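*Asks:* These came from TrEMBL, pasted as-is:
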- Arg17: site 'Transition state stabilizer' (SITE)
- Tyr22: active site, proton acceptor (ACT_SITE)
- Asn73, His79, Asp86, Leu100, Ser101, Arg110: substrate binding site (BINDING)
- His99: active site, proton donor (ACT_SITE)
Amino acid sequence: MKFLIVNGPNLNMLGIREPEVYGSMTYEELVYFLHEQAVALGVEIEVFQSNCEGEIVNEIQRAYRRIDGIIINPAAYTHTSIAILDALKAVSIPAAEVHLSDVTKREEFRQVSYAGMACEFHFIGEGKQGYINAMKALKEKLEAAH
Ligand code: DQA
């Protein structure tokens, strides 16, 4: 079972950007944690980060017929990108949305999630654990389907 984990703009700045919102964990530490937890869960992962919307769309398209589940934190593109929503719908791979912070309690402009409209699962405000809960939810769903 292979999952693609996609992280959007500025998540490479974790540990530096707004630590009062996102904490002190660096992006490298997050990626290390994800690989460790994937091994523990018995799933394979690919982790991709980009600050560019089109590159995220390309990566989602590349997942077609290759990847069993997508876990996506589109960061700021969550609230703006219909292209990412359309890409998720196009490949029709089961998907989970993750946000480190609790966007529901933040600014008004963060209250819409386009990408989330193509996701079956949502883990919001659970920090790095959200990614693990997303892996577990997708794994259970895929196992139930077999
Ligand atoms: C975020 C929330 C977004 O609103 C923000 O633009 C981000 C990170 C989160 O993980 O909490 O960059 O997706």
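Keep in mind that glycine also has a Cβ here, set from the backbone N, Cα and C atoms.
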*Asks:* Near ligand 1, which of the recorded positions show up if the criterion is a Cβ under 6 Å from one of its atoms? Options: Arg17, Tyr22, Asn73, Asp86.
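*Replies:* Among the recorded positions listed, those whose Cβ sits under 6 Å from ligand 1 are Asn73.
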*Asks:* Between the Cα atoms of His99 (active site, proton donor) and Asn73 (substrate binding site), what distance do you get, rounded to the nearest Å?
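*Replies:* Distance (Cα to Cα, whole Å): 6 Å.
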*Asks:* Could you say which of the binding-site residues Asn73, Ser101 has its Cβ with the most other Cβ atoms inside 10 Å?
*Replies:* Asn73
*Asks:* Fill in the CA-CA distance, His79 (substrate binding site) to Arg17 (site 'Transition state stabilizer'), as an integer in Å.
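*Replies:* Here the two Cα atoms lie 19 Å apart.
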*Asks:* Which whole-number value in Å describes the distance between the Cα atoms of Tyr22 (active site, proton acceptor) and Ser101 (substrate binding site)?
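*Replies:* Roughly 7 Å, rounded to the nearest whole number.
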